[in-house]
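Student: Sharing a structure here in structure tokens format.
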Amino acid sequence: MLWPELWYARQPSAGGSTMQLIDIGVNLTNASFASQRQAVLDRAYAAGVEQLVVTGTSVEGSEHALQLCHELDESAQRLFCTAGIHPHSASDWTGDTEKQLHALLRENRVRAVGECGLDYNRDFSPRPQQEKVLEAHLAMAVELQLPVFLHERDASQRLLEILRDYRDRLPAAVVHCFTGERAALFSYLDLDLHIGITGWICDERRGTHLHALVGNIPRGRLMLESDAPYLLPRSLRPKPKNGRNEPAYLPEVLREVALHRGETQEDLARHSTDCARQFFALPVLKNTSEDENLQLC
């Protein structure tokens, strides 16, 4: 059965092929997915989301993310992950934490350091501790030459201050789930950071300011993410009864971003996917539909 909300993901592009997307941030370790992870991935693949990066937010969560990559993608082509400590959990940081993360970050399927950063909105960990843990992540990223997957809420100025001391030595960094204002966006871009956009842009209550901003993100710096099971696109029709977001709904984020950038969905899919593949050093997948067509000739 083709879900009504996925029709646009199955539309062929001008060249006759289905669009390919990469979800750079899915919380597949979340308990709400526990008994359905393969089905969630199958729906994502059917919707054109061909590769996904599973977000690690704690040592245990990062280990789980890596385990899922091995269990659910034996081909090592579709599923990858990050490893890091979310700023909410910065208070749990110990010397052992750093050693465990260091080992995880050397695993081939782990493609970025994070989720790490600063959250001054909820302050679940003291700010000085958040900053200390962020710097520890940045130091590991410099040592291992891995990109960084950043979290920021109400802390853009302090995040920028810290990043400036490391940026020249970092290969790349993305501000995941950008929800900020114009000044923050341009400051991040001036520091040569990448920007991740989620279903926040589909929220008529709090995300409309992003409509005027996304067009300012250059090609090669823009990536798309679901942040599932959070941030269900509110523009999605019909809405899922369980209210849970999935990577399969990423085409709705694509549609909304393309609309406000004045691009076709095919064009946005192409350059945002190329950007994500380069950022996370992901393999290029074969176009199976083309292979099937060749076999029929």
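Including glycine, each Cβ sits where the backbone N, Cα and C put it.
Straight from TrEMBL, here's the annotation block:
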BINDING   GLU115, ASP227  divalent metal cation 1 binding site
BINDING   HIS151, HIS176  divalent metal cation 2 binding site
Student: Whole-number Å distance between the CA of HIS151 (divalent metal cation 2 binding site) and the CA of GLU115 (divalent metal cation 1 binding site)?
Tutor: 6
Student: Check the binding-site residues GLU115, ASP227 for other C-beta atoms within 10 angstroms of each C-beta and report the one with the most.
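Tutor: In terms of Cβ crowding, the pick is GLU115.
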Student: From the Cα of GLU115 (divalent metal cation 1 binding site) across to the Cα of HIS176 (divalent metal cation 2 binding site), what is the distance in angstrom?
Tutor: 8
Student: Counting other Cβ atoms within 10 Å of each residue's Cβ, which of the binding-site residues HIS151, HIS176 comes out lowest?
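Tutor: Least crowded of the binding-site residues HIS151, HIS176, by Cβ count within 10 Å, is HIS151.
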